[in-house]
Every structure is written in structure tokens, then in C-alpha cells.
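Quick look at what TrEMBL lists:
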ACT_SITE  His97  active site, proton donor
BINDING   Trp31, Ser65, Phe66, Glu67, Val89, Val90, Ile91, Phe122  5-amino-6-(D-ribitylamino)uracil binding site
BINDING   Glu94, Thr95, Arg136  (2S)-2-hydroxy-3-oxobutyl phosphate binding site
Amino acid sequence: MSTADKNLSVFSIDDLPNISNKKFALVVAEWNSEITEKLYEGAYQTLIAYGASPDLLVRGNVPGSFELSVAAHWFAQRADIDAVIALGVVIQGETKHNDYINHAVAQGITNASIANNKPIIFGVLTPNTMEQAVDRAGGVHGNKGDEAAMTAIKMVGLKDKVLA
Ligand code: RBF
């Protein structure tokens, strides 16, 4: 199958943890909200499909992806939150703005994740075009929100195993 047709959201579902008592925070950027809402919907539905309790899913909105890091950090600081999923879409423009945002968010999320000792998932699309974003938010390449949720589930399970 060529990359152009491939649903990239393929993951193994062997040996997933019980997440019925796990609390997840989903942080969603409002920029490009027509896409980020689809990422959110995918992430939310995947968490539910794999056993999360709806009342243990919390959501926070931020204006743009640049704000994802600090908001994710705030949620991760809370003792009751097990993992955070950060969702955004930064589309390449005429300037290098996207590069600065993308690098800042990737680094910020990494730092916040390590500082709080909790999974914070980088669910940020960095496409060149809106079409590429659409393809990855419930389009031909699947939904990266689903993938972000599955990554959160797996990391929560791995953490429990490693630190048990
Ligand atoms: N935020 C996004 O989430 N996606 C974008 O594509 C995006 N593009 C931006 C382009 C420019 C020129 C500017 C100034 C901001 C952009 N932002 C974008 C918003 C950014 O993440 C942040 O909210 C603002 O820079 C305020 O800190």
C-alpha cells in the first residue's frame, strides 16, 4: 500500500492495561478548531472504546498550540491526573512561525512530561497544508487523535509496570 493511501493510525492492541480508574486530561488548541475538534473526538472515543470512564476524562482548551505545553504542565501537576493528551494543528505558513511553535511545543511537552513524571502525549499535527491535516484527522490517514489516545493508554500501562 502506498503512503498516500495508508491509514497511518494502526497500532497493536495486545496487552492493554485496565484504564477504568485512570484519569486523562485532553488539552485542545482552538487554532484550526475544525481539525482539533476531530482530533479530540477521535481521542475521546478511543479512550472510551478501550475502557476509560467518561467521568474521568477532563478537557481544557488553549488559544493556540504554543499554549499546549504550559496547560499540559498544569494538568500533569494534579495528583489525580494519570496522563495528558495535547492536541493541536500547526499548519505551515509563509513564515517560519510554524517551526518555532512546533519545536517549542515538542520541547515544552517533553519537559513537562519528565518534570511531572507522567505521560504527556504529543498529539500535534504539523502539516504543510490543510488537506494534509484533514487526511490525518479522520481522513485517509486515519485520526491522529486516536493514536494519541492509544499512546496515552500504553504509556499509563507501561508506567504502572515499570514503577510497580
Ligand atoms: N497556533 C496553532 O495552533 N496553529 C497554527 O497554525 C498557528 N499559526 C500561527 C501563526 C502565526 C503567524 C501566529 C502569530 C500564531 C499562530 N498560532 C497558531 C498561535 C500560537 O500557537 C499562539 O497561540 C500565539 O502565538 C500566542 O502565544
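Note that Cβ sites are derived from N, Cα and C of the backbone, with glycine treated the same way.
Predicted automatically and left uncurated, TrEMBL annotations should be read as such.
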Using Cα positions only, nearest of the recorded positions to Phe66 (5-amino-6-(D-ribitylamino)uracil binding site) (Glu94, Thr95, His97, Arg136) = His97
Rounded to the nearest Å - Cα separation of Glu67 (5-amino-6-(D-ribitylamino)uracil binding site) and Glu94 ((2S)-2-hydroxy-3-oxobutyl phosphate binding site) = 21
Thr95 ((2S)-2-hydroxy-3-oxobutyl phosphate binding site), Cβ-centred 10 Å count of other Cβ atoms over all protein chains shown, is 8
The one of Val89, Val90, Ile91 whose CB sees the fewest other CB atoms within 10 Å, among these binding-site residues | Ile91
Of the recorded positions Trp31, Ser65, Phe66, Val90, His97, Phe122, which ones put their CB under 6 Å from ligand 1?
-> Trp31, Ser65, Phe66, Val90, His97
Counting only residues 6+ apart in the same chain, whose Cβ is under 8 Å from the Cβ of Phe122 (5-amino-6-(D-ribitylamino)uracil binding site)?
-> Ala86, Val105, Ala106, Ile109, Ala148
When distances run from the Cα of Trp31 (5-amino-6-(D-ribitylamino)uracil binding site) to each of the recorded positions Glu94, Thr95, His97, Arg136, the nearest one = His97
Write down the Cα-Cα distance for Arg136 ((2S)-2-hydroxy-3-oxobutyl phosphate binding site) and Val89 (5-amino-6-(D-ribitylamino)uracil binding site), rounded and given in Å.
-> 10
Can you tell me how spread out the (2S)-2-hydroxy-3-oxobutyl phosphate site is, meaning the largest CA to CA distance among Glu94, Thr95, Arg136, in Å?
-> 23
Which one is it: of the recorded positions Glu94, Thr95, His97, Arg136, whose Cα lies the shortest distance from the Cα of Ser65 (5-amino-6-(D-ribitylamino)uracil binding site)?
-> His97
Using a 10 Å cut-off, grab the number of neighbouring Cβ atoms around the Cβ of Phe66 (5-amino-6-(D-ribitylamino)uracil binding site), all chains included.
-> 19
Go through the recorded positions Val90, Ile91, His97 and tell me which ones have a CA within 10 A of the CA of Arg136 ((2S)-2-hydroxy-3-oxobutyl phosphate binding site).
-> none
